[in-house]
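What Swiss-Prot lists as signal peptide is 1-21, and the listing cites similarity to another entry. Positions annotated as disulfide bond by Swiss-Prot: C24-C43, C36-C64, C49-C53, C68-C79, C80-C85.
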Amino acid sequence: MKTLLLTLVVVTIMCLDLGYTTKCYKTGERIISETCPPGQDLCYMKTWCDVFCGSRGRVVELGCTATCPTVKPHEQITCCSTDNCNPHPKMKQR
C-alpha cells in the first residue's frame, strides 16, 4: 500500500507543471513554438531591412528574452508576455 501511494505521489509531481514557463515562437530553419528557458519570460519580434528588403520584405527574428532588447537604428522590436504572442507577420492567426 505504501508503495502504491508513493508511486502515485511521484507520478502526480512529474505530471504537474511546478513553475509557469512561457512559450514563444522562434525562428530558425522553420518557425516553431518552444518553451522558453527559465528566466526568459518575454517573447519578442525584431524586424529590419537588409539588401533584399525591396523584394523579400523585412527580416523577422522571433524568440524568448529576459528583457526587451534595445532598439538599434532601422530596427523595430515588440515584446509581449503571453504564450505565443509573437507570431510571424505572415502566419495565419488561429
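Cβ from N, Cα, C; glycine included.
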Candidates C64, C68, C80 (disulfide-bonded residues) - the one closest to C24 (disulfide bond) by CA: C64
Fewest other C-beta atoms within 10 angstroms, as judged across C64, C80, which are the disulfide-bonded residues: C80
Disulfide-bonded residues compared (C24, C49, C53, C79, C85) - highest count of Cβ atoms within 10 Å: C24
In sequence order, the disulfide-bonded residues (C36, C43, C49, C53) whose C-alpha falls within 10 A of C80 (disulfide bond): C43
C49, C53, C79 screened against C64 (disulfide bond), Cα within 10 Å - retained disulfide-bonded residues: C79
Distant-in-sequence Cβ neighbours of C68 (disulfide bond), under 8 Å, six or more positions away: L42, Y44, I77, C79
Proximal residue to C85 (disulfide bond) among disulfide-bonded residues C36, C43, C49, C53 (C-alpha distance): C43
Per-residue Cβ crowding (10 Å cut-off), top of disulfide-bonded residues C36, C43: C43
Top Cα neighbour of C43 (disulfide bond) in the set of disulfide-bonded residues C36, C49, C53: C36
Three-state secondary structure, C53 (disulfide bond) (per DSSP): helix
Where C68 (disulfide bond) falls in three-state DSSP terms: coil
